[in-house]
Amino acid sequence: MSLPTYSKLNIVILAAGKGTRMNSSKPKVLHALAGKPVLQHVLDTARRLNPSSIIVVYGFGGEIVPQALPADDIIWVKQAEQLGTGHAMQQALPYLEPDARTLILLGDVPLLTQESCTQLLTQQAALCLLTVSKDNPSGYGRIVRQGDAVKAIVEHKDAAEAQLAIREVNTGIMAAENTWLATWLPRLDNRNAQQEYYLTDIVAMAVADGQAVAAVQSNDEWQVAGINSKQDLAALERVYQGRYAARLLAKGVTLADPSRIDVRGELTTGRDVEIDVGCVFEGQVTLADNVRIGPYCVIRDATIGAGTTLAAYTHIDGATLAEDCRIGPYARLRPGTVLSDHAHIGNFVELKNAQVDSGSKINHLSYVGDATVGKQVNIGAGTITCNYDGVNKFRTVIEDNAFIGSDSQLVAPVTIKAGATIAAGSTITEDAPADKLTMSRVRQFTIENWKRPEKVKK
């Protein structure tokens with residue numbers, strides 16, 4: 001009998017486990033991989049399959065998991081007691097649509113791809129398993145076959161000696177018709193060494209009911225690897241980063257050392273981009289053509305224009321840089337900062353919510369916050385925009401072609417008019433007129449007969 005074609009897809013993600021070996025009070029599915037929770041990776045894959053519903057079964061940690069990942073398209077189902085994967089699916093059963101298929105994913109298997117899920121779902125069988133062959137299958141449920149047909153999955157602790165020699169193992173990921181799940185799940189029991197309700201027992205039920213059980217064997221062990229310890233988490237992090245680096249190299253990005261780059265979000269690159277060692281990219285980052293990133297830079301939610309260079313140890317967060325800018329080393333650009341073409345921001349300069357127009361330079365040891373800087377402005381070393389009175393923040397405006405001498409304090413709200421020059425060491429509290437020299441400093445004088453104090457002998 002041919003199997004029906006289902007237009008609806010339910011996805012159930014099992015995410016109730018404690019993860020004892022993580023040695024953490026945090027549910028293991030909330031630990032970060034590449035900058036986002038492990039469970040978020042699984043949710044992202046699930047959403048790409050366009051299911052009619054996503055059901056997440058959670059348990060350990062209580063409401064921490066749904067609170068950490070709020071979303072309108074998720075049905076959260078609590079497994080109050082963690083009594084096994086079969087018990088978890090029993091909790092999800094009332095939310096499954098009768099005329100749909102269900103894809104069962106694991107919340108601690110973050111590298112599974114959409115392609116593998118699709119391959120599983122296209123199998124014409126009431127039940128289909130995703131399996132993998134392991135050199136060391138210890139701890140995994142063994143796939144027991146009769147010829148090519150899957151007859152059962154035997155958990156490691158329940159396996160006979162001959163079954164322990166089997167290398168093909170269950171990944172825990174499967175797809176099934178909901179009409180059959182409604183028949184099999186209520187029949188599960190906990191008569192086994194672990195006294196848990198094994199979801200894998202539905203394989204034997206399917207065979208007993210005369211239903212063929214299909215299996216798709218993955219050739220990528222990492223793609224189906226779960227996280228049970230910090231060692232597992234660290235290993236998968238390096239796999240993820242290594243694969244991301246390989247994709248960047250394939251696009252033509254030059255990486256000084258592919259093993260020393262971390263992407264914790266999405267990195268979009270143009271042509272002839274160069275990235276030195278130790279760089280971290282977080283959130284949504286875009287690097288246009290011919291961008292050069294020096295060693296140990298951290299870039300978060302930023303757009304870097306063509307031809308721009310970031311020297312070593314530069315931090316960019318929530319900023320937009322236009323073309324041919326020169327930044328760093330040791331510069332920090334905070335959220336709201338926008339640089340126009342050919343801006344220069346030098347060492348130990350911090351910008352926050354500052355707009356710097358084309359050709360302007362802030363080359364040394366300065367803080368410019370809540371400021372608008374015009375074209376061709378030069379801001380000397382040690383300049384500070386004093387933007388905060390302890391309660392409110394105020395804005396500084398520096399118009400085109402102004403020159404700010406070193407060690408100046410601009411007390412906002414204040415405007416430095418076009419072409420104005422501020423003498424070094426000035427504290428400016430009022431607007432400075434255009435094309436004039438403004439200064440505010442104590443007159444220098446010398447005490448002729450002064451002597452240094454002498455040390456008192458005790």
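Glycine residues also receive a Cβ, built from the backbone N, Cα and C atoms like all the rest.
Per Swiss-Prot, the features are:
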- H364: active site, proton acceptor (ACT_SITE)
- 14-17, K28, Q79, 84-85, G141, E155, N170, N228, R334, K352, Y367, N378: UDP-N-acetyl-alpha-D-glucosamine binding site (BINDING)
- A381, N387, Y388, S406, A424, R441: acetyl-CoA binding site (BINDING)
- 1-230: region 'Pyrophosphorylase' (REGION)
- 231-251: region 'Linker' (REGION)
- 252-458: region 'N-acetyltransferase' (REGION)
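Look at the binding-site residues Y367, Y388 and count other Cβ atoms within 10 Å of each Cβ; Y388 has the fewest. Listed in sequence order, the recorded positions from L14, A16, K28, G84, R334, H364 having a Cα within 10 Å of the Cα of A381 (acetyl-CoA binding site) are H364. Shown are the binding-site residues N170, N387, S406; of these, the residue with the fewest other Cβ atoms within 10 Å is S406. The candidate set comprises the binding-site residues G84, G141. Of these, G141 has the most other Cβ atoms within 10 Å. Its Cβ placed at the centre, H364 (active site, proton acceptor) has 15 other Cβ atoms within 10 Å. When the neighbouring Cβ atoms lying within 10 Å are counted for each of the binding-site residues (A16, A381, A424), the highest count belongs to A16. Among the recorded positions A16, G84, G141, H364, the ones whose Cα sits within 10 Å of the Cα of S406 (acetyl-CoA binding site) are H364, in sequence order. In this structure, the binding-site residues K28, R334, R441 were compared by how many other Cβ atoms lie within 10 Å of their Cβ, and the smallest count belongs to R441. Residue counts for the region 'Linker' (231-251) under DSSP, helix first, then strand, then coil, are 20 helix, 0 strand, 1 coil.
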